[in-house]
Amino acid sequence: MGGLEKKKYERGSATNYITRNKARKKLQLSLADFRRLCILKGIYPHEPKHKKKVNKGSTAARTFYLIKDIRFLLHEPIVNKFREYKVFVRKLRKAYGKSEWNTVERLKDNKPNYKLDHIIKERYPTFIDALRDLDDALSMCFLFSTFPRTGKCHVQTIQLCRRLTVEFMHYIIAARALRKVFLSIKGIYYQAEVLGQPIVWITPYAFSHDHPTDVDYRVMATFTEFYTTLLGFVNFRLYQLLNLHYPPKLEGQAQAEAKAGEGTYALDSESCMEKLAALSASLARVVVPATEEEAEVDEFPTDGEMSAQEEDRRKELEAQEKHKKLFEGLKFFLNREVPREALAFIIRSFGGEVSWDKSLCIGATYDVTDSRITHQIVDRPGQQTSVIGRCYVQPQWVFDSVNARLLLPVAEYFSGVQLPPHLSPFVTEKEGDYVPPEKLKLLALQRGEDPGNLNESEEEEEEDDNNEGDGDEEGENEEEEEDAEAGSEKEEEARLAALEEQRMEGKKPRVMAGTLKLEDKQRLAQEEESEAKRLAIMMMKKREKYLYQKIMFGKRRKIREANKLAEKRKAHDEAVRSEKKAKKARPE
């Protein structure tokens, strides 16, 4: 006995989803406004498990949303603002058509606006949630900040993105929060640690833009509108944590300039914005009352495991503090041909001082003739006169030193020298993975060991000698092993023949002197271990054995891939050596 019979597609998963057109009509919005609202609110389409049931038996391609998400959008106050804006555009078009200029001005003054503050608070209840979602916001804002002022994007949006990204970079410099840098084909990847949260973003290279035609800039502009609001909130909170003025104010401004601009901040004028964007000056801090020294925490005795963890944590913190002061006490000068903003940002983030030619950009703090300069970053060999006591290195030295957490030897980065490979700091090799020789050398440097590099000529000679020596030694060893095996077999045959002869003659067997055979304990232990492993596999259930075989197959595949990479590297090194030999043998 049941209730009333329900029609098909009126219960179950069919009632949990709604098509995009139905949702749009329910909200009374155009497709562009509906898409914009979904981006701002974080609503995205869902793919039903049984699409045919949800689509009422049809197999046509449709976009589905959860019905509860659309009901959630019904109460959004921005929807009314979208409708008001639609009416505003209609009235403005009508006023332009009738040439009623007073009406046009009045309508523009009363243009409907909306804020996204409540959406930010709704989507990110805590500040940590906002930091975890900051990667895409930073990448998009850095991209828009490099756009030219064309009709594709609003100029105000480009300027806002530039201001917010400069503010964030100044916070990273002040907090010494930068951890990793990587130069890729797409751009420069940065990783910073803010309040314990790793944040990774990418900035494009400073090349001229050619806007592609297959990109929907309206969708990107909607995302940027949301991300700029989010980044503004985050910057304000981060500046408060460090007691910095927000909007940022340059440190050491002249009193006359400060009085003339009383009540205004650094970003209110274009010249101050350029000085901030130079990243060469520090920010002014809010004067706070001196706080009492914190009381030292009593240390209580703990067990061995806890003390080992605390010791590891202490060492890690010490290494991190040392990493933050990597370039402290060093003065850099940047030549015209190097990427100024990226290098200035990285050097300042690790405590170094940086400057450039005054004619290149505003914000230079010292000239190239300064005798205190320790490193000059160049990318064109033989263009300047060398100064004694100054290292002329290529830009990659700065990036590699940051990733290595130490100042690398400058010999491999001199001007005109072929640079070593730029290793990614985001790759961590596991057991069985291929580790390139450069990474092994870097790990040895981090441990404080001497990599023991030899000159290439010495390496080649040693390899040739080793190859010849190895061939001779292998031949001698094989001959010795064969002789030993043949001798032992002959001795055994002679002993057995003597015993058989004694038995036939009826004599009592007598003890004969033999040779002492020493057992290889290591080999016996390996045999026992392999036997125990084989027995354990035999005792496994069918499902466990299948899982074990899959794990072992994955390990073997990883080893094969590592061996393949090692062979490729070996072939590459041999090709480089042969090319160098050919160059040496070629008559000039």
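Here the Cβ of each residue, glycine as well, is placed from N, Cα and C on the backbone.
Source: prediction; values computed, not measured.
Noted in Swiss-Prot for the protein shown:
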REGION    1-257  region 'Sufficient for nucleolar localization'
REGION    1-54  region 'Required for 28S ribosomal RNA processing'
MOD_RES   Lys98  N6-acetyllysine
REGION    294-314  region 'Disordered'
REGION    306-415  region 'Sufficient for interaction with MAP1B'
DOMAIN    322-415  domain 'BRCT'
REGION    448-515  region 'Disordered'
COMPBIAS  456-486  compositional bias 'Acidic residues'
COMPBIAS  487-508  compositional bias 'Basic and acidic residues'
CROSSLNK  Lys517  SUMO1 cross-link
CROSSLNK  Lys517  SUMO2 cross-link
REGION    539-588  region 'Required for 28S ribosomal RNA processing'
REGION    565-588  region 'Disordered'
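Mean pLDDT for the region 'Sufficient for interaction with MAP1B' (306-415) in the predicted structure: 88.
Annotation for the residue listed as 'N6-acetyllysine': no spatial neighbours, criterion Cβ-Cβ under 8 Å with sequence separation of six or more. Secondary structure of the region 'Required for 28S ribosomal RNA processing' (539-588), assigned with DSSP and counted as helix (H, G, I), strand (E, B) and coil, comes to 44 helix, 0 strand, 6 coil.
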